[in-house]
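Annotated in TrEMBL:
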DOMAIN    38-117  domain 'Tc1-like transposase DDE'
Amino acid sequence: ETHKFGKGSIMLWGCFWYGGIGPLVALMGKIDQDVYVSCLANNFLPWYEELNKKTGKEFLFQEDSAPCHTGAYATWYKKTRCEVDSFDFWPAQSPDLNPIEHLWAYITRKLRSKRSEIGNVAQLEAAIRKIWNGIPCQSFWKIWFPVCLLGASP
């Protein structure tokens with residue numbers, strides 16, 4: 001998700017599960033397969049392995065069909081290293097079907113009241129991280145439950 005304001009923008013990658021949030025990562029430059037795989041390797045995978053150990057549950061990895069997610073290298077990495085089930089296809093830019101889009105919308109709403117306090121990209125990132133870390137746990141149930149109705153499971 002790219003968050004913009006008058007003095008700059010920041011690209012963020014984040015994940016969540018029905019029990020809470022995962023890592024929130026600032027990504028720099030053009031987001032291609034190399035950047036995306038690096039994000040998965042250094043942020044998602046350690047978090048996911050720890051979560052899997054703690055819960056003993058299997059999870060379903062859902063992402064949209066952005067080119068950096070679906071290229072040969074990214075696909076190979078996810079199949080050989082992440083060892084997590086995922087959907088074969090998920091429509092890009094379909095916020096009604098993409099649960100994390102609801103979290104980005106929540107963050108955007110919360111940011112509106114803080115615009116005057118944000119003077120640069122570092123302050124924007126700090127404000128977003130504060131909101132991210134304060135998202136109420138019940139929000140994940142509201143977001144996750146409709147996905148269950150579509151056939152996914154925790």
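Note: Cβ is positioned from N, Cα and C throughout, glycine not excepted.
The structure displayed is predicted, hence computed values, not measured ones.
Summarised as a single figure, the pLDDT of the domain 'Tc1-like transposase DDE' (38-117) averages 84. Per-class residue totals from DSSP over the domain 'Tc1-like transposase DDE' (38-117), listed helix then strand then coil: 50 helix, 4 strand, 26 coil.
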